[in-house]
Structures are given as C-alpha cells and as structure tokens.
C-alpha cells in the first residue's frame with residue numbers, strides 16, 4: 001500500500017508597503033539568553049495542533065532498492081512501475097512528471113518547463129539539465145509597455161515551452177525503456193479520467209471566474225451540470241491532450257517542435273495574441289550544464305544542483321554560510337536544543353537568507369551574462385569558502401539591519417510562483433530531482449484548443465525596465481527580456497552525495513514560488529546538519545526572509561520562543577500560510593525513506 005492524502009494547496013501572501021530606510025537595530029546577546037532561560041521550550045513540528053500539517057500521522061516507509069516521492073497522486077506509483085520494469089531513474093521522473101501535469105494541471109504541464117539534477121550512480125557523476133522556457137524571437141524588453149496584466153494573461157505572456165524537449169534530452173542520455181512507454185499512464189489518465197485532488201480543486205475554486213470566462217479552460221474544468229468548477233473527487237477527462245501525447249509518444253519531441261502538433265500550438269498561441277512562431281519552436285534547445293556543486297566539509301557531503309538561472313547556487317550559498325558557523329549540538333535534533341542555541345541558529349539562518357536574496361538581485365541567464373563582471377564575480381564568490389566566511393563576519397547574533405544595501409540589494413527581481421516536484425532514486429545508485437512549472441495557477445489562463453496544452457505565463461518571471469516594485473526598488477537588468485533568454489527561477493532541485501562512498505544521501509526539491517529556495521535549504525539543514533529525521537524535517541514549521549518586504553514570514557506553528565527572540569533582535573515577524581511543498585528521499589540505515597510534504601497532496605512508492 002502506498003499512502004496518498006489530501007492537503008490544502010500552496011498560497012501566496014500579499015505584501016504590504018515597505019519604505020526603504022537606513023537603520024539598524026540590535027539587542028544584547030545577554031537579553032536573548034535571558035529570554036531563552038525564562039521561556040518554556042515550545043518547539044514542536046507543524047501539525048501537532050493542526051492535523052492538516054501532521055505528516056507523522058502516516059507510517060514512514062522504507063524501501064531497500066529504489067523510491068519515488070511526488071507531490072501528486074498517483075504519480076509516484078506510475079514512476080515506481082517504470083522502475084519495476086527496469087527503467088532508469090530518469091524514465092521514472094519523466095513518467096511521474098507527465099502524470100503530475102494532469103493531477104497538478106494548475107501548476108505544471110507540457111506547456112511549461114523544468115530544471116533537473118541527475119546523479120549517475122554508475123559513473124558517479126552529476127549532471128544538470130535546464131529545460132526552462134525562453135523568450136520568443138520577437139520579444140523585447142518593453143514588450144508589455146508597463147501593463148502587468150499582459151505578462152500574466154493571454155498570448156503575450158507565453159514563453160517558448162521546454163518541457164517535452166527537456167524530457168527528450170534526458171531520455172536520450174539516460175533513458176532505458178522505450179520513449180512511448182513513459183507516456184502510457186498519462187494518456188490513460190486523459191482518456192479514462194483523473195480524479196480531482198484537493199490542490200487542483202482549490203486552485204479551480206480560486207480561479208473560478210477566469211475558468212468560467214475563458215472558453216478553452218471552461219471546456220475542461222467547468223461542470224456544466226452544476227454550473228461551477230469541478231470539485232474534489234470529480235473526474236476530469238482531457239481527450240484532446242490525449243491525442244497530443246499519443247503523437248509525441250509516437251514521433252518524439254520533433255512532433256511538438258518541428259511537426260504538425262507544433263504548428264497547431266503556434267496557431268492557437270497567435271490567435272490569443274502571442275508572438276511565438278514555428279521558428280521559435282524549431283530553435284528551442286534544452287541545455288546540459290555542469291551542475292553547481294558545493295562541498296559541505298563538516299558533513300563530508302557534496303551538494304549538486306542546477307546552475308543559474310535556477311536558484312541552485314543561492315540554495316547552496318545558504319548552506320555554505322550556515323555551515324561556516326558549525327553546529328552547537330552535533331548529536332541532538334534541533335527540536336531538543338536549548339532555547340538560546342535555537343534562537344542563535346535561527347538568527348544566523350535568517351541573516352543567511354537575507355544575504356542570499358541580496359545576491360538574487362544579480363541573478364539571470366548565464367548565456368546572456370558572460371561579460372557581466374558583477375554576475376561572474378557573484379558566481380565565483382558563492383562557491384568560495386572564503387566568501388562564506390566573509391559573509392559570516394557580517395552576521396551578528398544580536399543585530400539585524402533594515403537597509404537592503406547592507407545585504408547587497410539595490411535592485412529587485414520578481415517573485416515566481418507555482419511549481420511541482422518529483423524525486424527518484426534507483427537500484428543502481430542513481431538519483432534525479434526535477435522541478436517543473438507553468439508559473440501562476442493555470443499559467444496564462446489559456447489553453448490551446450487544438451492540442452489541449454495549458455500555456456505558461458513565464459514571461460512574467462522576467463524583470464521589466466522602468467517598473468519599480470511595491471517597495472520602490474528598481475528592476476534588475478540581468479533579468480530583462482531578450483530573445484531566447486530564460487527568466488530567473490527559484491527552483492533548486494538538489495542531490496547530496498557522500499564524498500567518500502559516492503552514494504546518495506538526500507534527494508530533494510520543492511514547489512511553491514520564491515519560498516522554494518529557503519524551504520529546500522531549511523529541510524536540508526534540519527535533516528543533514530541538525531539531526532532530524534526527514535519526516536520531521538519536512539513537517540517542521542518554516543520561516544522565510546527575502547529582503548522585500550523587510551520581514552520574516554513564519555508558519556503559524558513556528559516555535560514562539562524563536563519568533564520572540566527574532567523580534568527582540570529587531571526583526572519584524574508576520575504569519576503566512578503560503579509555504580513551499582518539499583518532496584525528498586533520504587538514505588537511512590533502514591533503506592530509502594521517501595517523504596512528501598503535508599502542505600500539499602503527495603504520494604510515495606518504492607521497491
């Protein structure tokens with residue numbers, strides 16, 4: 001039996017106004033220690049008082065050979081079936097992602113793109129694949145003319161999809177089973193119907209008006225009998241998409257990028273006012289990169305993740321900085337530390353978040369920034385232990401700063417949004433972490449009627465000139481639109497490998513927009529640095545800081561003693577319900593331990 005359970009989907013908190021001002025505040029370390037000594041330890045994992053976040057209700061599962069963890073059902077089972085048939089970890093990921101694009105149709109699909117980290121257990125090498133969407137050939141920096149609606153809704157919002165080409169590239173290099181086999185579960189789901197799960201049900205409810213008013217979405221997601229969107233437990237069929245998937249399964253990626261199906265897709269996009277042409281599809285390339293790798297010396301681990309324009313380098317930098325401080329309680333789980341140590345460590349982590357999001361303002365597509373001195377210097381710095389020590393020297397245990405300039409941020413990059421993630425390990429020691437997206441719920445809020453493909457709104461992930469954000473900060477030119485450029489992303493699929501044995505220790509990644517990076521870092525730290533089990537690390541309440549706004553956002557069950565300590569140091573703290581969904585697999589003495597996030601429906605399977 002493989003457990004699957006329903007949870008509320010991710011959400012995103014509206015941010016208030018922020019006035020940039022130079023100010024720093026501090027409180028004495030002694031004051032913090034006094035707080036720690038007089039406040040009862042109330043640390044608990046998210047969900048002990050809220051069953052919707054109580055992952056520990058479910059039996060942990062361990063598998064001796066291979067495992068799949070996905071943030072949608074029945075996708076882990078379909079991935080596991082591929083492994084049972086002798087398929088590779090990449091085969092299993094592709095199968096699970098195709099399934100996920102149906103179960104989580106509001107977050108991902110073949111109209112979007114993905115990033116993937118692969119550990120080859122046979123050759124003991126890491127690989128990174130960027131199949132993120134890119135801007136059309138006719139795109140320009142000011143193509144939206146300051147109209148933010150055009151970048152999120154309609155044909156102009158659509159970037160050139162990369163999902164299918166990425167699957168093809170990954171399969172060509174690492175696939176074992178026939179390409180056609182990988183599509184069969186998704187085709188069957190489209191033809192026979194899929195049961196609506198809570199994340200999709202809630203997404204449809206939240207976008208009820210858009211679905212009702214857009215005929216191409218209404219055709220799929222609107223129940224004409226009830227005159228409303230489909231609800232939890234209803235069945236949805238997607239016959240047009242089934243035909244498209246069959247053609248791609250039969251003819252390969254060229255069917256979408258060179259063939260009749262691609263021509264139909266272009267026809268529909270242009271009818272919606274988009275500028276994507278057949279030349280865009282023919283030119284699109286998914287690209288292999290050397291992974292971004294960081295040594296975590298105290299753990300004897302190597303982190304491998306995707307490079308820019310993903311946020312793999314930023315997640316690695318967070319771990320690098322936090323690791324430079326050492327661990328005050330090497331043998332005890334974080335939840336058992338004394339209050340003073342937990343407050344101090346939380347302060348260091350938050351400050352690492354802030355310094356990292358300062359670096360994020362310099363991020364962009366490296367193919368377009370090869371001559372950008374600041375970008376290249378930033379990439380060199382965040383892999384350097386010396387630079388981590390330098391940033392460590394900027395962090396005060398009893399002080400924080402309210403000026404973004406202190407953290408290296410005088411520009412901003414836009415938030416990104418919904419995603420989906422799958423993690424896989426296989427019997428040959430290989431592992432894959434893949435994160436996929438169409439950006440906002442239901443992407444550009446349009447669907448190609450000739451192909452059944454829901455179209456992304458990834459053009460909104462670019463920055464635009466002459467448009468400052470809500471906090472009065474100008475946009476980052478490194479993320480401006482250029483033809484065939486990929487926008488910045490918070491996705492950071494990661495594989496941690498033991499440096500001595502070259503065996504996988506943790507495979508992880510997340511869905512959930514800008515909070516992906518800090519969520520993956522936090523769960524990884526709890527499990528690898530702070531001795532928590534993967535289940536407890538995943539269920540533990542989270543906090544986040546991204547400089548804009550200048551505040552910590554925390555889940556409602558985050559330990560109150562830590563939050564009080566943060567306020568005494570000078571941080572502004574607000575609650576939030578919109579946190580990323582982390583999907584991971586850990587190697588344990590009992591075997592592979594796959595875990596999905598209780599914040600979103602998920603499923604695990606293995607053999």
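Cβ coordinates are placed from backbone N, Cα and C, and glycine is handled just like the others.
Of the listed candidates (175, 408, 513), TrEMBL assigns 513 to the same L-glutamate site as 132, 437, 438, 439, 461, 489, 490. In TrEMBL, the transmembrane segment annotation falls on 24-46 of the listed ranges 24-46, 47-69.
In this structure the residues listed as binding L-glutamate are 132, 437, 438, 439, 461, 489, 490, 513; their two most distant Cα atoms lie 15 Å apart. Counting only same-chain residues at least 6 apart in sequence, those with a Cβ under 8 Å from the Cβ of residue 132 (L-glutamate binding site) are 113, 114, 115, 162, 309, 310, 458, 486, 487, 489. If you measure from the Cα atom of residue 419 (active site, nucleophile) to that of residue 437 (L-glutamate binding site), you get 4 Å.
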